[in-house]
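Trainee: According to TrEMBL, the protein carries these features:
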BINDING   Lys126, Cys153, Asp175, Asp211, Gln234, Tyr239  S-adenosyl-L-methionine binding site
DOMAIN    113-423  domain 'MRNA cap 0 methyltransferase'
REGION    1-83  region 'Disordered'
SITE      Lys156  site 'mRNA cap binding'
SITE      Lys162  site 'mRNA cap binding'
SITE      Arg187  site 'mRNA cap binding'
SITE      His238  site 'mRNA cap binding'
SITE      Glu321  site 'mRNA cap binding'
SITE      Tyr415  site 'mRNA cap binding'
Amino acid sequence: MSEVKEKQEKVLVEQDDEKKSPKTKRKRESEERSVNYEEVKNSRGRSPDPEPSKRLKYDTEQNTKDDTVSSTVDSNKEEKESLTEEVCNDNAIIVAKHYNSLENKNLAQRNRSRIIYLRNFNNWIKSMLITKFVEEIKSKMNHGSRMKVLDMCCGKGGDLFKWKKANISHLICIDLAEVTVQQCHDRYKDLLKRNASQRNSLFSAEFITADCTKVRLRRKFEDPSMYLDIVSCQFAFHYCFESLQQAECMIQNASECLKPGGYFIGTIPDAYDLVSRWQKCDGNSFGNDVYNVEFFCDKEKPPIFGAKYHFQLEGVVNCPEFLVYLPAFKKLALKFGLEMVLFERFDDFYDNMKDKDKQLLNIIQALEVYPPRDGPPVGDPDRDYQHAKEYLKMYPNYSQIGTLSKSEWEVTSLYAVFAFKKMKTVWNKDGEAEYVNS
Ligand SMILES: C[S@@+](CC[C@H](N)C(=O)[O-])C[C@H]1O[C@@H](n2cnc3c(N)ncnc32)[C@H](O)[C@@H]1O
């Protein structure tokens, strides 16, 4: 039985601020004003079987090795210090090559995608996560002060507009893939041009090509003594779980850039959910018509680091990714003075945040209107909308609702948001850093 949300909402859809013409915007606004638009979450779109026993299995089995994490972490300290940008393995090359070769799709091409709503929904989640922690920091800042931010693994700059909205003063964008960094820089220049006539100045920015898992990032900043309020790492942190060294380097980078009280935030695939689905299936591969995951490691005992899988979305084979074993992530983070304050699957985060900015949910079309106004739905009309049909049957007063196809829910519910707060550093008598809550 589908989980059905009972709350009614009248939704007025506005057009995407950045990209769509005012003409289309007015057209859509007038069309949408007459729609009773309900948010419906498809519970079957959660993990097909987030069976607690399976989830626990991964947890407890790995916990025995958890102490190994800290001792290995300590013994690797000196080795880590010597890491330089010259260190480069095949995986970094594969990742950079993959992202460098991705086509820069225009709006029309993106709108034709089978997973357009999934992409928009993920974007909404990022916006809400960023807003939540921007507000948190602003509430403690002096009036008129503005934030400084690091976008780690920034990609093509999909979050630039979010930082503009947050009215930050400076942004550092870093990514492994050179072409991607250039595209991000070009996008920033466009934003700068469009902002020229506005009263509020756009944030300043710097763009760096670097491997966040191998290089001390602070040394590359224009001002290496700068402290930041937020480090954001969206849909990319999982690459560092290839090895302990890389995970440590990435976390240390996040931590040492932050002021006490600053936040390290991000989005990652939820390892428990991935493992749960994997253990349910025969073999090493599972998915649906929009995604496929294939594992390349021991199914019984996936390693803490280097638990490799390929994630294929809309037919495009992605580069190797790695499970982020949560207890290890938390432990390493704490070692560098980062305390976990949030870890929530997307579907739970959506439940908690959806009432905070329904307008944005509609502006960016994060949910599909069902039944569609014209044409077929993006998913399979027979298989993908059972939950929506049941809802409409139960509430005959509504003519349309906002939802995602079952296949897309199955993808988005694989992901989770996280946030860590930077603790205050105190130096002990041996000259070593210790961390205390600020
Ligand atoms: C899925 S994209 C996400 C881009 C962006 N954060 C977003 O949310 O739109 C992942 C990005 O991580 C970058 N990346 C992967 N491994 C990296 C590493 N070790 N150091 C820096 N960037 C990396 C890739 O080049 C790619 O641009």
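Heads up, the Cβ atoms here are built off N, Cα and C, so glycines get one too.
Whatever TrEMBL says is automated annotation, not expert-curated.
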Trainee: Should we count any of the recorded positions Cys153, Lys156, Gln234 as near ligand 1, judged by a CB under 6 A from one of its atoms, and which?
Mentor: Cys153, Gln234
Trainee: Among the recorded sites Lys156, Lys162, Arg187, His238, Tyr415, which ones place their C-alpha within 10 angstroms of the C-alpha of Asp175 (S-adenosyl-L-methionine binding site)?
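Mentor: Hits: Lys156.
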Trainee: What's the CA to CA span in angstrom from Lys126 (S-adenosyl-L-methionine binding site) over to Lys162 (site 'mRNA cap binding')?
Mentor: 9
Trainee: Please work out the number of neighbouring Cβ atoms within 10 Å of the Cβ of Asp175 (S-adenosyl-L-methionine binding site), leaving out its own Cβ.
Mentor: 29
Trainee: Can you name the residues of this chain that are 6 or more positions from His238 (site 'mRNA cap binding') yet have a C-beta less than 8 Å from its C-beta?
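Mentor: Spatial neighbours, sequence-distant, of His238 (site 'mRNA cap binding'): Ile268, Pro269, Glu321, Phe322, Leu323, Val324.
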Trainee: Where Tyr415 (site 'mRNA cap binding') and Gln234 (S-adenosyl-L-methionine binding site) are concerned, what is their Cα separation in Å, rounded?
Mentor: 11
Trainee: Rounded to the nearest Å, what's the C-alpha distance separating Lys156 (site 'mRNA cap binding') and Tyr239 (S-adenosyl-L-methionine binding site)? Just drop the number here, would you?
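Mentor: Each residue's Cα considered, Lys156 (site 'mRNA cap binding') and Tyr239 (S-adenosyl-L-methionine binding site) end up 17 Å apart.
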Trainee: Cα of Gln234 (S-adenosyl-L-methionine binding site) to Cα of Arg187 (site 'mRNA cap binding'): how many Å, rounded?
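Mentor: So the Cα of Arg187 (site 'mRNA cap binding') lies 18 Å away from that of Gln234 (S-adenosyl-L-methionine binding site).
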Trainee: Three states by DSSP: which one describes Lys162 (site 'mRNA cap binding')?
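Mentor: Note: Lys162 (site 'mRNA cap binding') is helical by DSSP.
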Trainee: Would you identify the secondary structure of Tyr415 (site 'mRNA cap binding') according to DSSP, in three states?
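Mentor: The three-state answer is strand.
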Trainee: In DSSP terms, helix, strand or coil for Lys156 (site 'mRNA cap binding')?
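Mentor: Reduced to three states, the DSSP call for Lys156 (site 'mRNA cap binding') is coil.
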Trainee: My understanding is the cutoff is Cβ-Cβ under 8 Å with a sequence separation of 6 or more in the same chain; which residues meet that for Tyr239 (S-adenosyl-L-methionine binding site)?
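Mentor: Set apart from Tyr239 (S-adenosyl-L-methionine binding site) by at least 6 residues yet with Cβ under 8 Å, we have Asn91, Val95, Cys153, Thr213, Gln246, Glu321, Phe322.
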Trainee: Fewest other CB within 10 angstroms, which one of the recorded positions Lys126, Lys156?
Mentor: Lys126
